[in-house]
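K.L.:
Taken from TrEMBL, the feature transmembrane segment covers 12-36, 56-78, 85-104, 144-164, 185-209, 221-242, 249-270, 290-310.
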Amino acid sequence: MKKSKFTLVGKITLTSTIIYCLALSALESLVVVYHHAFVSKFELTTRGEGISDSDLIYHGIFILSLIFQVILCVYSLIRRNSIQLMALVIFNFLSLAYAGVQIYQHMILEDEGTNGAKFKPNDKFSGPEDAKIYFIKRMRPIEYAIASLVLAFSIYLGLLSYKLSKEFGWENYKTYTADLKVRKAFVKLTILQTLVKLDIFFILSYAIQLIPSKIIGYSNSLFETTSIFVIGFLLILMALYSVENEMKYILLTVINLCCISLAYIVYRLIGINTPIESGNFDPYEFTRRLLTFTLCVTFILLCATIYYSIICFRNMSHGIYVYSVYGRPGSKVSSEHGLDIPTDEIKKSRRASKKAEYVRSSTTISLD
């Protein structure tokens, strides 16, 4: 009988994560249904439509974050990646901010979004205030339940991740313990992989937030949104490829592009948070908090990505390769380590090992 790739704790973690994400998705969908029903009772102004669309976008980002968590969990368990598990716990805590923003955005929609809107009379509601009270009583408890569930599951996931980290740590120790430099390089490479995956979500979530921007009043929204999607996708693709395959020159290109991205983020943060003169239209009035939060988190993640990319590039330049020589966590490694792997993988590992040895020898000769 074939042995399962997941341990008992791993199966519990994956099952719990899937159930948690399905439950939250169901609650989110229910909130969206109430949101749509509430908005349909009014003929909103252009400004009100922008606020309503932004609100729906935040619901979409939250559901997207749940899908992202399942993918992150599966990858962490397959690759025996304890660092990525810790990142999953932190990410889940960060999603609590989105749960809080949802409540705040609905308050804005109920108060500011319906200003100047024409109420559509019907038999069920006597007026706009009656409709607001009806939907608030139904939406608010669900929103508070979502926030509470996120907090409780974050603590629960933290405990499971701690148990799994001890299991994975021992397995990885046996594989990468032969050389202290290799072990350190493995940790740095694992951190970089995790950071790149987190970059994916926050870059895309920022771009998604710009989708309703033309209605709200941002400038150059279509060009900016398209550019972020295209450039961000290519940047992340290059980063993942360079890390997974230990391609140092592609990684160097990623470092340079990330530095340029930092300049853009600073520019946007200044633009979003520049005070608007009293009486002038403020396109960021109702979205400033979440846009600033997303950009700040992305800025911190990119800084960390650049830092660990430089370390990994330096390790590769010194001939220290990890996955190419020893294989990836969760996969079979060379028979030299007591296990069997496919022939093509052995050949790749040997070629990489020879390259690494050649670079080390060249470095030693040049130093002498």
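Just so you know, the numbers here start at 1 and follow the chain as drawn.
Glycine is no exception: its Cβ is also placed from the backbone N, Cα and C atoms.
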K.L.:
With pairs closer than 6 in sequence left out, are the transmembrane segment (221-242) and the transmembrane segment (56-78) joined by 3 or more CB pairs under 8 Å?
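P.N.:
When sequence-distant Cβ pairs are counted, the transmembrane segment (221-242) does not touch the transmembrane segment (56-78), since fewer than 3 lie under 8 Å.
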K.L.:
Check the transmembrane segment (144-164) against each of 85-104, 185-209, 221-242, 249-270, 290-310 and return whichever range has the most CB pairs under 8 Å.
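P.N.:
Most Cβ pairs under 8 Å with the transmembrane segment (144-164) come from 85-104.
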K.L.:
Report, as numbers and ranges, which residues of the same chain sit near the transmembrane segment (185-209): CB under 8 Å and 6 or more residues beyond its ends.
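P.N.:
For the transmembrane segment (185-209), the list is 54, 57-58, 60-61, 64-65, 68, 72, 75, 81, 83-84, 87, 91, 172, 176, 225, 228-229, 232, 235-236, 239-240, 243-244, 246, 287, 290-291, 294-295, 297-298, 301-302, 304-305, 308-309, 311-312, 315, 320-323, 326, 329.
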